[in-house]
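As given in Swiss-Prot:
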type	residues	note
ACT_SITE	LYS61	active site, proton donor
BINDING	ASP10, LYS32, 59-68, THR122, ARG184, GLN193, 213-214	substrate binding site
Amino acid sequence: MSQSLIVALDFPGKQDVEQFLRHFEGEELFVKVGMELFYKEGPAIITYLKEKGHKIFLDLKLHDIPNTVKSAMRSLASLDVDMVNVHAAGGNSMMKAAIEGLEEGKQEGKERPICIAVTQLTSTSEAMMKKEIGIEKTLEEAVAHYAKLTKESGLDGVVCSTLEVPKLREVCGDGFVTVTPGIRLASDDVNDQVRVATPKRARELGSSYIVVGRSITKAENPLEAYKTVKQQWEGVTV
């Protein structure tokens, strides 16, 4: 189950990544590369991480017209990443185009990357969604609507908070992938995320993958923090 624990490499550049990964010699991680790191280092950071044996969730949250997203996904698939994402708000045609691009760009003999859609960011509260984004549904209703649209479009799952996982299991079935950021150890600050949970709670609620950043990357001993998160996520008593 450790391969369903994704470590967010929220660093400004490769040097910081190299320093962090020194704590994990011999470990094969599933890591998340976001906008900050990818926009600074480009595809070279993907090559570097792949050479180290790590799986990669390339978290760029694409949201554009269908043809642009299709072309972008064709390029991303050629990098041999393991997971990519789009914004569900881009709609059915855009999400279908994303899958078409991934199929066209995947490396020969390999499966296309897992493709998931962002429903609502974990920094979004219901009040913000209604007042600023203009969606009058409850947060749970909005997330469920986007999840159904995502499944109908042929994607593998969604990014959502742990709080929405049980509802999405009802709406989309057990095979639908739920990737949940906003994971913190009980002793950590929540920082800028609103809908957060512990690894243990994420497991209880049925998350497929959890994404953990600062609880590991900012820890005094990142490897020990990783092991603690992993134990809680896997339900191991020590």
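Placement of Cβ uses the backbone N, Cα and C atoms for every residue, glycine included.
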Helix, strand or coil at ASP10 (substrate binding site) [DSSP, three-state]: coil
Between the residue listed as 'active site, proton donor' and THR122 (substrate binding site): CA-CA distance (Å): 14
PRO66, GLY213 as binding-site residues, winner by CB count within 10 A: GLY213
